[in-house]
Amino acid sequence: MFSNKQVIGVVFGGKSSEHEVSIKSAKTIYNALRYLSNKERYIARPIYIDKYGYWHDYIFSESILFDKKDHLIFEERRINLTNLSNMEDIDVWFPCLHGPNGEDGVIQGLFKSTGKPFVGSGVLGSALGMDKIAMKSVFKSYNLPQVPYISLNKPDIQNNLYMKSIYEQINKIISYPCFIKPANLGSSVGITKAYSKEEFIAGIEFAAKYDERIIVEKSIEGRELECGILGKSIMKSSVVGEVKFQTDWYTYESKYNANLSSTIIPADLNIEISNKIQKLAIEACKAINAYGLARVDFFYQESTQQIYINEVNTLPGFTKTSMYPTLWEASGLKLEKLVANLIEIAKE
């Protein structure tokens, strides 16, 4: 029997340290697609990518999504990547992938080759949004406000003369404490807050385990604010939210443990600051050619009234504690409608 429902390929998992977070996000999206009015419009097809990079069929993928024990006895029917263009039942791709190979432009290029629309930014916006060094270079060219930073590559760590110049830059430009981050990871994975040269050296070595490119940023004592972006030809910004946490900084544990962090939505800000953040969020996305959906993170120093753009996340999380869907719900857009809007925007 002919069906006019659109088939949505929900792709999740992946070769990334954020694999488990991706599964949680995908479960939220998958359930939203099967909710009330969306159920009449869409058919959700989960597609799991395991930690080795193999793609799996719908049955196996659904068993992973809902942690069904019987997935252990399923025959692993892997999908041949050469046949992706022939997956005629997929109308729109919905990536729920985080980190390398998922939100860095790699899979976006693959989706583009199938000729089917996909949710989120294209190859360029995804790549720039993933690499913090490249992203900050673009922000600098657009004169967007950001904290002082320096960057280095993993091979440079062994060069004593080069590292001596880095230490001098830390003292002159950055100062302690500072953050050392892998350039291409999210969810605070691989990050260290260093209060001394010794901690800085340890942080560099730690970050180098995750990435060849490393960024060092000045630590700003201020409020951490976030704003959601939705749209392509016309971008809209959500209300501004604030993240508070019990840890020294917004660690992986505090991001995904409700007992260690809390959110205030909307944030308690005067209207001028709130409007400025919403405007800067759109400007940041346009600068790196990000569209569809994004979450833009900020630092705000009340004493100076200074706003700093931290980063643009082009595939923000969709877990129960994730800010992006929560920000939009507070803006009047419920999860089910948000997911439907993202699919329709992808087809523009």
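Placed from the backbone N, Cα and C atoms, the Cβ positions cover glycine too.
What you are looking at is a predicted structure, and each value in this text was computed from that prediction instead of being measured.
Swiss-Prot lists 171-226 with the feature ATP binding site. What Swiss-Prot records for ASP297, GLU311 is Mg(2+) 1 binding site, and it gives sequence analysis as the kind of evidence. As annotated by Swiss-Prot, Mg(2+) 2 binding site applies to GLU311, ASN313, with the evidence given as sequence analysis. For 136-344, the entry in Swiss-Prot reads domain 'ATP-grasp'.
PHE206 (ATP binding site) carries a helical DSSP state (H, G or I). In this view, the densest Cβ surroundings among the binding-site residues THR192, ASN313 belong to ASN313, judged by other Cβ atoms lying within 10 Å. For the domain 'ATP-grasp' (136-344), the mean pLDDT of the prediction comes to 91. Nearest Cα neighbour of ASN313 (Mg(2+) 2 binding site) among the listed binding-site residues (ASN171, THR192, GLU199): THR192. The least crowded of the binding-site residues GLU199, ASP297, GLU311, judged by other CB atoms within 10 A of its own CB, is GLU199. DSSP assigns ASN171 (ATP binding site) to a helix. In the three-state DSSP scheme, ILE220 (ATP binding site) falls into the coil class.
Counting other CB atoms no more than 10 Å from each candidate's CB, the binding-site residues CYS178, LEU185, ILE220 peak at CYS178.
For PHE206 (ATP binding site), the same-chain residues that are 6 or more apart in sequence and have a Cβ closer than 8 Å to its Cβ are ILE180, GLY190, THR192. Other C-beta atoms found within 10 angstroms of the C-beta of ARG213 (ATP binding site) number 19, with every protein chain shown included.
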